[in-house]
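The structure appears below as structure tokens.
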Amino acid sequence: MVLLHPLLTAAALLGASARAQSVVGTPFGFASGTTGGGNAAPAAPKDTNELKEWLADPNPRVIVIDKEFNFIGTEDTCTDCECCIPDSNTCGDAGQNAIKTEGSDWCGSYPATTCTYDNAGLEGMEVASDKTIIGVGDAGVIRGKGLRLVNGVSNIIIQNVHITELNPQYIWGGDAISLDGTDKIWVDHVKVSLVGRQMFVTGYESSGGVTVSNSEFDGQTKWSASCDGHHYWSVLGYGKGDQITFANNYIHHTSGRSPKIEFDSHWHAYNNFWENNSGHAFDVGEGANVLIEGNVFSNVKTPMNPEDTPGSTFAVNAQDASSCTSALGRPCIANELTSSGELSGNDEAVLSGWPKGEGDTKAMTTDKVPSYVKANAGVGKLGSGGSGAASSSVSITPSPTSSAIPSSSATPSSSAYARRHYARHHHY
């Protein structure tokens, strides 16, 4: 009998897992028809450099994330660099100071300070068209760097990946997933935690045909802009012409911008579960058109920000559920609120101007939402079929280099370049 070395056996199993990996489910909502890397052979990159190369190249790919890819320290650090103390930080080390980004006056007259941060987190990895990025089980983690989809890219699937630890101590520390001028993007079964800025953001250029589904936005943090252990910068939609389906997601321990939506956009938010939000969830600004149905809000202080709602919002209650039939081909589902504030918005103009490209959207009644979402949203749950724990079994804790001075320091020129490059592309 031939005995195989355990390491060789493990490597063989991982290789087989990568080859067998494929997308689970079918894109729906505005992202219907997205195919990503299609029939390209699934392959797992060997290291962070190869991952970056594969994401950015012009070839259709199915990129398998079968382990943790840790980018912290890969682009050096900025030590004792310019930062500021915003008015929101009234709690010292438990709050968030802000990185002073060149080309932006965000820090303005705030008191200056210095801080040390990781350069890799400032700018996401660029993702080219026709890509599928898919994690294996709960092992697929991208630490210290996000994903950036810009400049007309299209046909991309991101599924079953955990993005975490992008300079969570600092405002402007990095965005997990950013879109700016895209089409046909499906973000599914993703988890985001411990970021400095946005968990999911669309920039000023239109991102049409986007669905964010079955994902977990975990706002628990030691560095909170609201000084309460909840992350403020959560989901932001700024694209002119965005069309986004936001369904079956778990948004918890946030304190604002969950989401903030502006400009000429259409968002359909249904069957999401908001839990333990100490501030506001929806913040609907000028030009936005938002349909909110079949969601559950539990212990959410302010489901709709009343101070900034010049946009058009239709938040469905039991009395007007039938109004949706002409727009969606079915009645809407009323929202449910428990130990929460008021969810306002009754503008039926949202329905009369609803885009035709969303296709069929099947919504469940709110009594099923909390258990379904907590069992299915996030990583490691592609085959859960409605069962499982509320969060990933991957234990995410900040690595030592993120809160202490790292072993290597960037030269002044490389740090300045990183800050300038970030500021040119991030004004939201």
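Glycine is treated like the rest: Cβ placed from N, Cα and C.
If you go by Swiss-Prot, C332 shares a disulfide bond with C324, out of C227, C324. Within 10 Å of the C-beta of R257 (active site) we count 24 further C-beta atoms, all protein chains included. Here the Cβ of C324 (disulfide bond) has 22 other Cβ atoms within 10 Å, regardless of which shown protein chain they belong to.
Contacts of C107 (disulfide bond) defined by a Cβ separation under 8 A and a same-chain sequence distance of 6+ are given as C83, C84, P86, A98, K100, in order along the sequence.
With a cut-off of 8 Å between CB atoms and residues at least 6 apart in sequence, the same chain places L291, E293, G294, V316, D320, A321, S322, S323, C324, A363 near C332 (disulfide bond), listed in sequence order. The Cβ of C83 (disulfide bond) has 25 other Cβ atoms within 10 Å, all protein chains considered.
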